[in-house]
């Protein structure tokens, strides 16, 4: 009977341990990048991201988040946000994104010459006037790290790769 109890306890603990499986979703360099991001957000260095940490981090980026916005962000986590929870949340978000070919094909609809690029002014117009409209500030933020050549061509193939795999392979 005690062996049955042990199995029952193990089964009950499984959901808590399942978060550690998130480490298998990312390679070592990605985990290191997430750790660096976590440490930048964890302003008070207590090993947890709290509402004040989020506020300070966003303020350092020139944002002035409301309490409601911060509460909504904090409520996305089922409990305290330590590094494992942070990684789990990112894993869930990344798994929730569309497959790479779906994203690339969405951009390709606006690339009539099949060059793999879209003129940045045309893409800005599309993003600010169609569907879930972006603000000019949101487009500016997107373009800040986007692969745009000197002629103003947004490379959506490279952008999609960065979106799904990160910028780490850029030098490879």
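A Cβ is built for glycine as well, from the same backbone N, Cα and C atoms used for every other residue.
The range from 1-20, 21-40 that Swiss-Prot describes as region 'Disordered' is residues 1-20. Other residues of the same chain near the Ca(2+) site, with their Cβ within 8 Å of the Cβ centroid of 42, 44, 46, 53, are 41, 43, 45, 47, 48, 49, 50, 52. For residue 44 (Ca(2+) binding site), the same-chain residues that are 6 or more apart in sequence and have a Cβ closer than 8 Å to its Cβ are 50, 52, 53.
This prediction places the mean pLDDT of the domain 'EF-hand 1' (29-64) at 90.
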